[in-house]
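Q: First the structure, which I've put down as structure tokens, then a few questions once you've had a look.
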């Protein structure tokens, strides 16, 4: 039986706590809403201004718009990520999880496995992320008598509206930017996480819970620093065609 502090390498399925869980998603979603609005709208002067205006106009619930689909999909998305990561390492190293304790894989293998998991995760995540971003950008408060209803009544209505207006391809708007964001980002995440765990743990032992927590935090910071530019492009492409200009492609959005 594996220990509670075992690294992602030794038991990737067990160490999902190092990735974004449901609780982390709920706690982080208000900040994600502010981030998305700052990336795609020009009506805010900064983080505090966005938070204040969102609260005044939409109440506390405004920070949690678009959260339902990520909550529903996170288990599937994380299963894909860690499952692909684990099997990619198995193919690259030809060693079992138990054998990796004595002979950890190289950082190159960790990076390739992380990139592979990130690539496939992004493809599956794209429609859910698009719907989340569209709903987060709805600044209307809850429907009042006599007031015009918001464009989307909820995640299902949002998905159906996009499908009806743009076809199946519409649900993958911004998918290439999402893929380019997540592929190297998750490779960097896993390499940083493993390096910190190995540096802080004596040979032959499993990292402590504190080590896992700190390593996961620093790995997240490192990976998101590199992901931010493409995250901006992704969010703007996902909102293209609504209340702002439509982009001809990823390079057009960059320029």
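Backbone N, Cα and C atoms are what each Cβ position is placed from, and that goes for glycine too.
Just so you know, TrEMBL annotations never went through curation; they're auto-generated.
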Q: Between the candidate ranges 39-62, 63-86, 87-110, where does TrEMBL place the transmembrane segment annotation?
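A: Per TrEMBL, the stretch marked transmembrane segment is 63-86.
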Q: Checking distant contacts: for the transmembrane segment (63-86), what same-chain residues at least six beyond its ends satisfy Cβ-Cβ under 8 A?
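A: Same-chain residues near the transmembrane segment (63-86) but 6 or more away: 8, 12-13, 16, 19-22, 25-26, 29-30, 33-34, 54-55, 97, 113-114, 116-118, 120-121, 124-125, 128-129, 131-136, 138, 154-155, 186, 190.
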